[in-house]
Every structure is written in C-alpha cells, then in structure tokens.
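Here's the structure we're looking at; comments come further down.
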Amino acid sequence: MTYQQSIIPRSVEWKESYIRLLDQQKLPAATEYLHLETVEDVWDAIKTLKVRGAPAIGIAAAFGLALAVKNYETDDISKFQKWLSRDHDYLASSRPTAVNLFWALSRLKNSVQHARSAEEAKTVLLHEAIQIQVEDEETCRKIGEHALPLFNEGDAVMTICNAGSIATARYGTALSPFYLAKENGIPLRVYACETRPVLQGSRLTAWELMEAGVDVTLITDSMAAHTIRTKQISAIIVGADRIAANGDTANKIGTYGLALLAHAFQIPFYVAAPLSTFDPATGSGADIPIEERDAAEITHIAGCRVAPEGVQVFNPAFDVTPHELITGIITEEGVLSGDYLLEIESIFQQAKK
Ligand code: MRU
C-alpha cells in the first residue's frame, strides 16, 4: 500500500447491504460516513454534494444501481430490465454536467443486456460497478504518471476545486501527480484556489493534500492573478467534468478564468481526466449542459446570510474552457495536445480495438 492510499479515506465503499460514503459536506471539520441503503439515498447524496467529483459520482451511481436491484423481487427478466431503466434514469437525473455519471450508468445497463435471469443480472451489475471503481484507481495512477514529467522539482502549481483522491476511486486526476511526486520524494508545491461558492478547494483539496503531507497553500479565487505573478506559478492543472469532441472542457466554475490567466502569463494550462470524462457525442463546449445550483450557496456561508434578502443570483456550477486555451489533456493513455478533434477521435478509435 502506498503512502497516499494508507492516509486518505475512500469516498465510496460497497458494503453488501449498504454503500459507505464519506460525507464530503462535513469535511474538514469531521470525517463522517453515511450508510446509503436506498437508491433515493444515493440520488440525494449526489445532488447535495456529499459525494462529488466526476469519477466519484459515477462510482456512487453505479453502486446505487447495484443496490437498487437487490430489492427487485421478480424472476421475470423483462420486468427486471424495465425497473432497471427506471432507476437508471432516476439516478441520471441527479446532476447534469459530469458525463461520468451517464457513462457509468450506461455501462451498467449495457452489461446486463443479454442476462437470462434476474439473479444473473444482479451478480453482473455488482461486478461491473466494482470493476468501474477498480479501473478508476488504476486510471488515476496512470494519469499521475503521465502528468508528473510535466513538472520540475520545486515547481509551484495552481489548481481549483477538488480533482483529488476523494473525487475519484483514489489518487485523483489533477492531484494525482502530487501524490506520485510525494511517493518519489520529488518536491512540488500546490496553490489551491478556495473555489467559491462551496469551497471544494479549501475544504477538500487543502485537507487531503495536508493529510498526505503534500506542500499546499490556500488562496481565495480572487488572488489567482497576483499569486501567479508573485509566487512564480509554473503551471495550472485542473480536472474535468466533461470534455467535448473538440477538447472544450467543462470544469468547476472559475476554471475558464484560470485558463485565461495562464494564457496571459504564458504558463501551461493542463486538464487531467480519464477517458470516461470525454463525451465524443457532444461536438463542442456550447452543447455541454451547465448545472445551475441553489442561490443559497451564494447568499449564505455555513448557514449565515452574506447577501441581502431577495437579491438576484446567478450560480452556475461549471464553466467551459475553450480548447485553444488548453496546453494538454492528460489521460491514462498519455497527453493529448494540438488538434484535439483528431487526437480525441483517434484515442477513441484505438480504445475500440
Ligand atoms: O461540483 P463538483 O464538486 O462535483 O465539481 C467537481 C469538479 O469540477 C472536478 O474538477 C471534476 O469533477 C473532476 S474530479 C476528478
């Protein structure tokens, strides 16, 4: 077991009669776990960000579907498939932007297309859900291996949101290289943007990097430009919720602003994401649905009102960074750059073989 694996708790764990979920809303004040026993519990946990981060949402939803089918009392496979479709669609309605949710749910549904009995389908679905989690851990480690050579010893690298261990099966995407650097004794420093409105950067990224002993400094989002200039930030690395066929990337609100800053300061801007975050069926960023969340996320901080009652609020959870601003997209298969349309098409052609 590596250093990182021994320290950071898993975000989602299958426990046969329930799903054990690290409650990310309680971090960093408390490390608490929820026992999700129904498909409604899983939907709610995703909706309310108790589990969040594109790959972790996919894993939770996959286990949610495996949990739902345990209660199907039928031997009739066509009735089973009908109920499965219903619960698939229900879980898919929890959040709209991260494509890993739909990818994981479709993968589960497809895995039992040819099942001959309800019992067989239940076994196959659980196996597939576990497989998604196992693969994600391997994938994230590979992303870290491809990302690490992009940095030099002592570099200070900026990130936003939490694309870390708890946003995935393990290691994270954008944070994976920092864990591998730690394992290999390579000093790297991380500047984490706090990530308003719900503070995934301060609550989650700062917490998990500190737990693992990675050098992390917290800044507010508005300090990014000043920090890049005065702290010699050498690169920016972020995760992704959905990458369109042309490389346009949806990620946590504020990412686009960082990409523009990277361009202005002429430093590389990297996106780190597994192939499960790509959506080749979506042509460009303009077609990616952007989730808008409750106004209270902006008008209140920790339950305390910080804006006048009745104020109009716009609260998009994500923004889209145009592919021209992205230096490279780091995947488990290597780093894509240049003509993303061609690169993405070719990587998916190869994956089919
Ligand atoms: O709203 P969230 O916290 O689910 O948003 C998460 C992000 O934007 C992450 O950067 C992305 O999902 C990648 S996680 C490896």
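In case you wondered, yes, glycine gets a Cβ from its N, Cα and C as well.
Of the residues Arg20, Arg86, Arg95, Arg170, TrEMBL puts just one in the substrate site with Arg52, Gly53, Ala54, Gln200, Asn251, Lys252: Arg95. The local packing around Arg52 (substrate binding site), expressed as other Cβ atoms within 10 Å of its Cβ over all shown chains, amounts to 26. Across the fold, the C-alpha of Arg52 (substrate binding site) and the C-alpha of Asp241 (active site, proton donor) stand 11 Å from each other. Listed in sequence order, Ile46, Lys47, Ile57, Leu101, Glu291 are the same-chain residues at least 6 apart in sequence whose CB falls under 8 Å from the CB of Arg95 (substrate binding site). On its own chain, Asp241 (active site, proton donor) has Ala54, Thr97, Ala98, Val99, Asn100, Ala250, Asn251, Lys252, Thr277, Phe318 as residues at least 6 apart in sequence with a Cβ closer than 8 Å to its own Cβ.
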